[in-house]
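Colleague: Please find one structure pasted underneath; my questions will follow.
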Amino acid sequence: MTAHRPLLIAPSILAADFANFGAECAAVEAQGADWIHVDVMDGHFVPNISFGAATCAAIRPHIKGVMDVHLMISPVDAYIEDFARAGADFITAHVEAGPHIHRTLQAIRASGAKAGVALNPGTPASAVADLLDLADLVCVMTVNPGFGGQKFIDMSAKVKTLREMIGDRPIHIEIDGGVDPVTAPIVAAAGADVLVAGSAVFRGGSVSDPAPYGTNIRAIREAVAGVYV
Ligand SMILES: O=C(CO)[C@H](O)[C@H](O)COP(=O)(O)O
Ligand SMILES: [Fe+2]
């Protein structure tokens, strides 16, 4: 099912120290993070405001690997170039964010970034059926977007459906929301290969004491080791 790709852990800096993003990104990468997940919220598509493209550009030099930008904004298209210029490797937009997600994914790829499409918990897998040729990543939300630290909503049936729909295409299935060592195996067994985790990674650590980040990342990896094959 997923044997051809490694399981990737993408800490969400929504749970990091906002006054210290650059150092937090470097610290969590040094502790074993595969990607850095960056949550952009506009107070309109979701009921919370986080930060925008200028913050992404500021943290980019502190990230050695992949910067994975999750846009919880509407409209999207006018801002794609800003996030691409900020150095996003993946730009993910929500299927619910507007009437023209197909055009949005085209625009993301045209910007040079890889294109992701996100699904809220209430949106079925079928919503991306005609988008897979334009997508490098499908993000399955396991919380209603807008806040970190929420309780996991089991979307494993949707993940299984997506994995079948995707087949052999090189498209990541990313899980976002409430991922920890208890919930990670549920979605990894269903076919997800990128796990976003904010609270469960940053809990207990800090830039001056980053070792807990590594412990928390390893705990998630060890929890999925038996089921991710
Ligand atoms: O997109 C998000 C919220 O809308 C965050 O990426 C997500 O909530 C991660 O945080 P946590 O692991 O604490 O749930
Ligand atoms: Fe996110």
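One is the number of the first residue shown, and numbering goes on along the chain from there.
Each Cβ is built from the backbone N, Cα and C atoms, and glycine gets one as well.
All annotation found in TrEMBL is predicted automatically rather than curated by experts.
For reference, TrEMBL lists these features for the protein:
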ACT_SITE  ASP39  active site, proton acceptor
ACT_SITE  ASP176  active site, proton donor
BINDING   SER12, HIS70, GLY146, PHE147, GLY148, GLY149, ASP176, GLY177, GLY178, GLY198, SER199  substrate binding site
BINDING   HIS37, ASP39, HIS70, ASP176  divalent metal cation binding site
Colleague: Could you tell me the C-alpha distance between GLY148 (substrate binding site) and ASP39 (active site, proton acceptor) in angstrom, no decimals?
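Modeller: Their Cα atoms are separated by 9 Å.
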Colleague: For SER199 (substrate binding site), just count the other CB atoms lying within 10 A of its CB, please.
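Modeller: There are 17 of them.
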Colleague: Count, for each of the active-site residues ASP39, ASP176, the other C-beta atoms lying within 10 angstroms of its own C-beta, and report the residue with the smallest count.
Modeller: ASP39
Colleague: Using the Cβ centroid of SER12, HIS70, GLY146, PHE147, GLY148, GLY149, ASP176, GLY177, GLY178, GLY198, SER199 as the reference point for the substrate site, which residues of the same chain not in that list have Cβ within 8 Å?
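Modeller: Going along the sequence, the neighbours come out as LEU14, ALA15, ASP39, VAL143, PRO145, GLN150, VAL196.
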Colleague: Taking the mean position of the Cβ atoms of HIS37, ASP39, HIS70, ASP176 as the divalent metal cation site, which residues outside that list, in the same chain, have a Cβ no more than 8 Å away, listed in sequence order?
Modeller: ALA10, SER12, LEU14, VAL38, ASP68, VAL69, THR92, CYS139, VAL196, GLY198
Colleague: How far is it from GLY178 (substrate binding site) to HIS37 (divalent metal cation binding site), counting Cα to Cα, in Å?
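Modeller: Distance between the two Cα atoms comes out at 14 Å.
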Colleague: Of all the recorded positions given, namely HIS37, ASP39, HIS70, ASP176, which is spatially nearest to GLY146 (substrate binding site) at the Cα level?
Modeller: ASP39
Colleague: Got a sec? Which of these binding-site residues, GLY146, GLY148, GLY178, has the most Cβ atoms within 10 Å?
Modeller: GLY178
